[in-house]
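Visitor: According to TrEMBL, the coiled coil annotation covers A:444-478. Residues or ranges marked as domain 'HAMP' by TrEMBL: A:411-463. Taken from TrEMBL, the feature domain 'PPM-type phosphatase' covers A:503-729. If you look up TrEMBL, you'll see A:383-405 marked as transmembrane segment.
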Amino acid sequence: MNIKKMGIQKRILFLLLATGLATFLVISAVSLVSLYQSRSDSLETGRNMGETVASFTEDFAARQAKKRLSDEAEDKAETVEHIVKSILQDADNLARSMTGIMSDKETYPARVLTTPTEEKIPGNIAYVYKTTGFAERFPYDPLLQKELGTAANIAEILEFISREYQTDTSCYVASENGYMIWADGLSKGDTHADLPDVYLKREFNALVRPWYIAAKEKGKPVVTDVYVSVEGDLEVTCAAPYYDGGEFAGVAGISTPLDSLYALVQEKNMGKDSINFALNRKGCVVLSTQKTGTLAVSADTDLRLSGEQSLAMEAASMAAGKRDVALVTVDGEEYYLAYAPMPSIGWSFGTLVKRDAVVGPAKEIRHTVMSEAKKFAAVLDDFFFGNFIRMAVLMLFILAVLVYVSRRAARRFVEPVLALSAGVKDIAKGNLDRKLDIKTGDEIEGLADSVNEMTDDLKKYMDNLATATADKERIATELSLAQGIQEGMLPQIFPKFSNNPHFDLFASMEPAREVGGDFYDFYSLDDDHLALTIADVSGKGVPASLFMVISKTILKNAALSMGQAADLGHMMEISNRQLCENNEEMMFVTVFFGVLDVKTGEFSYVNAGHNAPYIGRTEDGHTEWSSLSDEKKNYMVGAVENAVYDERKITLKPGDMLFVYTDGVTEAMNENGELYTDERLEATLGRVATPDKNAETILAEVRADVAEHVGEAESSDDVTMLGIRYLGA
Amino acid sequence: MAGELIQEERKLENGWTVWMVRSRIDLKTADEVYKRGEEIIAKSDKTALDMSGVEYLSSAGIRAMLRLNKLARKSSKEFTVVGANGMPKAVLEDSGMDVLLKAKESVDELI
């Protein structure tokens, strides 16, 4: 597309559209990029925010779950420890009561307790068991009778305590001497307790039971490890030694099957969704909600040696009395294990929750948060997409408006220009009456006004020009007439003298303007005398020509009025005075005036400030030219009122020639400003003015040489020449 | 051009005002020379036209000088030309104007 070849309307439209489109595209690109960037940033931020929130929430939930698990472990440990400590306290109280009774035998009456013989015996009732040895010695040993009778006073306390434990708990005191008094607790709904077979067969020996040995050895209340009861159940016992007279007399104990103990623990709201267990210092599970598997109660399985590395490591920490929450693998499944020590009984309580149960909610929260974040991102994406569509539609609308407005603006701008152009073309065709009526209020209107003014001025100018042309034509006509008149005043009567036997005369005058200030004249004063005049009036044009007419008339009158013997100088003085009168403009004229006596060849002349003529002396067919200059110069005529003029005389011989001229000849200037000069005139005369040529030919050749010198330069002065050759008497 | 044709006048200590014309004094420039001379004569009692820079003097130039001379005489003032040489000097001498205008060879003769 070549914009230079477009019309102005298309150019403006092109420029407007180009500018508008460029701006529009830049704004659109920036807007869309910004929108896209905003979308990307927002989505990225949304994702990051969701991820951060999800991670934080997940972490927080996991930590909360772990803390809750830890708190639960602490709480359960405290609960179990409290229960066991209560039992241990009861056992200690029982031992202290027994010690008190045995230390005050005189105060307590002898009592007799029955020895059961049935497998089912009523619960919460104290019985006595005698080992075979004790039974054999008892009838015969009053001290033993006394001792047993006193010890039987513990029966109410045993029965009371057994009622406190509504489980298969057994409360008892076992004497070093071989008897044992006990009362069995009952589980809810039971009315009788089972009497172990070893009791019936009198094969039971308390002195070898773990709890007895432990309490006797420790000399203080103890909680036994898990052991197998005589009934074949796993149980633990809280036992404490009692004394008789300061001497170890036996052990008081409360034995609880683990099931029963766990039932007690369960009653304390241990929770059902988790695995709970207690570990003793040996790493054996002493309590557990698991009946089978790794975490089932076991009297001889040390968890610290478990094949599960994580479990073994945490079991060691539990056995060492530490507390923590850790991830362990039990029976191939991952659990969070929280454990807390029970220092007073040397156990550690652990609670296990499946990993998913801990992390699951956190994951669920994370999933929820991420899901919401995705929804947010989707909404955000929809929002940006919607905005993108709206912006695209808006941009298309703006583009359409831009094109429409640009076309209208271009047309609106160009219409006055086109009107202006059409108007100017009409005016250019010559319709100067055409007026441009453009009211845009801008530079176009100003231009139209200027064109209207120019048209008015042009019209006036053309009117004036027509008038001026008419005036000029009139003046030219008048000047032409004046030129004709002036030429008419100059003697054109060469035929009058053409056949004169005494002289050959010719003269010419070419004015620089229509009318000139030069003139020549010749006329006969009488039969023998010929008057010659050549003059140059200062200045050119009409004033000079008028002064020329006056000068010529005055000079001729003076010449014709003077007598034959009159002095030419005097004649010139008269003429000068007449011309000086009222000559405020200081016009003057240089005059060469001479009178030739055709009979004698005497030539009288007066040179009033004029160029010195050239005289050509001819001898032997050769003419020698020289200047006819005078030593004393005369003033030009009209300048100095009382000027005195001297007459000169020379004599011409036949063949001699006089060449008189004005300064228009010698001062003719070429294009380089060079004058023709006197020297060149003299040389030209020497070359062309030979005796065989008449005056007319010589003047023509001189004029041709001057014209050659001037070339194309404008003529600046009148060129006037007069030549006369004396032919003789 | 006028600026080249006529130089700024200068005043000598003895009261003469000297103004110089260059190039040509002919039909085209004579009026301008006359008008400038008219202004200078109006404000100076003694006026000298320095023609040392004039190369050509026509009859129109002579007339301008005659008019200035007449103007000065009417006002009882002095007018002269100085420094004419070459063709203008010859013209002045041929026309007898050198005597009428009291022509001097150079400005020094005024001092």
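Every residue gets a Cβ built from N, Cα and C, even glycine.
Heads up, TrEMBL stuff is auto-annotated, nobody curated it.
Note that this is a predicted model, so its numbers are computed, not measured.
Describe the structural context of these features.
Guide: Residues 416-417, 419-420, 423-424, 427, 432-438, 514 of the same chain lie 6+ residues outside the coiled coil (A:444-478) yet bring a C-beta within less than 8 angstroms of a C-beta in it.
Sorting the domain 'HAMP' (A:411-463) by DSSP state (H, G, I as helix; E, B as strand; all else coil) yields 39 helix, 0 strand, 14 coil.
Per-residue confidence over the domain 'PPM-type phosphatase' (A:503-729) averages out at a pLDDT of 89.
Residues 17, 20-21, 24, 28, 31-32, 35-36, 38-39, 42 of the same chain lie 6+ residues outside the transmembrane segment (A:383-405) yet bring a C-beta within less than 8 angstroms of a C-beta in it.
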